[in-house]
Amino acid sequence: MSIVIKGARILGGEPADILIEDGVVARIGQDLTGDETVEAAGLIALPGLVDLHTHLREPGREDAETVETGTRAAALGGYTAVHAMANTSPVADTAGVVEQVWRLGQEAGHCDVQPVGAVTEGLAGERLAELGAMADSAARVRVFSDDGKCVSDAVLMRRALEYVKAFDGVVAQHAQEPRLTAGAQMNEGAVSGRLGLTGWPAVAEEAIIARDCLLAAHVGSRLHVCHVSTAGSVEIIRWAKSKGWDVTAEVTPHHLLLTDDLVEDSPVGAYNPIYKVNPPLRTRADVEALRAALADGTIDVVATDHAPHPVEDKETEWAAAAMGMIGLETALRVVQEAMVDTGLLDWAGVAERMSYAPARIGRLAGHGRPIEAGSPANITLYDASVREEVDPGSYASKSRNTPYEGRTLPGRVVATFLRGRPTVLDGKLA
Amino acid sequence: MKRHLISAADLSRDDALLILDTADELARISDRSIKKLPTLRGRTVVNLFFEDSTRTRISFEAAAKRLSADVINFSAKGSSVSKGESLKDTALTLEAMGADAVVIRHGASGAPHRLAGWVRGSVVNAGDGTHEHPTQALLDAYTMRRRLGSLEGRRVTVVGDVLHSRVARSNVLLLATLGAEVTLVAPPTLLPVSVGSWPCEVSYDLDSVLPKSDVVMMLRVQRERMNAAFFPTEREYSRRYGLDRDRVARLHDEAIVMHPGPMNRGMEIAAEVADSARSTIVEQVANGVTTRMAVLYLLLGGDI
């Protein structure tokens, strides 16, 4: 069977037809025909997006999200592959659990689910999990992370960085010095001081990143830094890259757009935990530094850190609320707002940061390939010309903890193709 | 005035002066043998206390009762809250019972803001976490005004654990609104890193600040803080930041000494200083009732 996508602007270029045969891009050209036609005049064609950092919550917190609902949300956000974080219950620290998540993803079929394995048993930060068993399993794990917790023990981090070299793995570090962030509630600064909320200082992130870069260089390993949130972290990563060290980094959409003063003053009231996230929202200066770093490649990837939570975990006093925001269904729109419409990144840059680079870091064969003859037909069609209010009621995610409710954002994902099969058409699940 | 009193920043200068003037008027009534006024008859005030604070609760209770309001005391211990009920569900319960005002004390900063989103009645913050305690600041300002007259240009020194103090935050905001000049004195570990952006001065040296102070307000310092390395020992804290007789001797004759209570005698304040003629500590308690009467009266729109 063949599908032809008519008149799409690949990476925002000139309109062209894309002919898909047997799940592969067969030809790019003009006036192509196929068994089926998808009109894409005016739409931008991007390689299917790849998320390095998603919380699907299954197994264990199926009240917040399941692999089925989370991957629906991913497809609607333009994603063809997501990395499912390991902080489930039970923790994804054995071959059995990662294979379960991987199989659930296969069954759901909305996008590929690539499990991330825990670095330490039970995320406890004490003993290495069986990293090799997860790497050799059907899930072929290559990214290992204790996300949500930091591998703060320097020796354990060193060993993990070294050990995963045997199977070309990477440790994705949640950089948070635990002693400096005991009870931390929000960015430590002017706002936290006024609000009387325990501060999460930038140095607690930066100190771990600096240490990890030095460790990675010392043992000659790859390091990936999760959700970079401060201007200081950017400087450290820029320095590490200038040394030629194999360090990569991600930033979330919300850290590219939102700032900590929303905790004090927002349309949804002060102390609204919808803005509670880890690492916390930072200052305007940090946002500017993160945007610049994403533009110049110091930060390699946009990753959602999609973190679903049920309503009752957010409709509480601030200190009692869960940390995290959902983001799969708004990520590309936020990136357009923060990076493209500001002139910092073009669509080729978006493809690099949201598809090619994350697939490369995750060693994900079959994703993150340019839209050209011979590539697997993982394609996202995006209408950048519209601007709409965010409506969480329409979300496929089981949770509603979006910080963008009531805001208007540009853009709309119109269609997503996974190996030539439409998972989303006309903005709805196909 | 706004519908709620959650932060001292909610009060304009006119609002604050209106509360203090109203408290003056109500104080005259409190001197009569029959203290009760009928102004809030038929109105319901709920004291919603998630933290033990007998002093503050009975102060609000006395204030509401002297205005003839019906008072419901809801303490978290032994209630549905200890069985895991959320703040929101508690709020909806109170709402269903028809509370006209909810006085809330909570260990989490910002809990009154959240509550205000879930109830129709007025919310009065009786202390939230390490955030604010606006009626304490009002009663402190009222006490200062009675002793010293107008607060315009008066120099107020606040000493102690500013980082964790809701009293300090509310006082800095209210005193700035009323035109006083505030200086915070504390070891650097007990000041927020961003304190430079506050409308006040900061000093680490109590002795140098005392001679020009009209008011010295000592904050309670919890002994547990030294376990988290905020200061080395009680003795060292007391030596550097405690108010003893020698330090009091550096004050000018009219200067007053305040403390929001409960005190650690011998730690932040020497017993003889707490009991001296300069001390307003007992007056503060009495003034708390009249000031809170004024707040409830104005928020609930009663008539004198």
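Think of each number as a place in line: the chain as shown, counted from 1.
Keep in mind that glycine also has a Cβ here, set from the backbone N, Cα and C atoms.
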**Study point:** Residue from B:Arg28, B:Arg105, B:Arg223, B:Arg225 that TrEMBL also lists as binding carbamoyl phosphate with B:Arg55, B:Thr56, B:His133, B:Gln136, B:Gly261, B:Pro262
**Key:** B:Arg105
**Study point:** Listed binding-site residues (B:Thr56, B:His133, B:Gln136, B:Arg166, B:Arg220, B:Pro262) that sit near chain A [CB under 8 A]
**Key:** B:Arg166
Review point. At the Cα level, what's the spacing in Å between B:Arg55 (carbamoyl phosphate binding site) and B:Arg166 (L-aspartate binding site), rounded?
Key: 16
Review point. In DSSP terms, helix, strand or coil for B:Arg105 (carbamoyl phosphate binding site)?
Key: strand
Practice item. Determine, to the nearest whole angstrom, how far the Cα atom of B:Gln136 (carbamoyl phosphate binding site) is from the Cα atom of B:Arg166 (L-aspartate binding site). Key: 9
Study note, to complete from the structure: Same-chain neighbours of the carbamoyl phosphate site, Cβ within 8 Å of the mean position of the Cβ atoms of B:Arg55, B:Thr56, B:Arg105, B:His133, B:Gln136, B:Gly261, B:Pro262 and not counting those residues, run in sequence order as B:Ser53, B:Ser59, B:Ala126, B:Gly127, B:Val167, B:Pro260
Check your understanding: Using a Cβ-Cβ cut-off under 8 angstroms and a sequence gap of six or more, which residues of the chain neighbour B:Gly261 (carbamoyl phosphate binding site)?
Key -> B:Arg55, B:Arg220, B:Ile281, B:Gln284, B:Val285
Check your understanding: Far apart in sequence but close in space: which same-chain residues, 6 or more away, have a Cβ under 8 Å from B:Pro262 (carbamoyl phosphate binding site)?
Key -> B:Arg55, B:Arg220
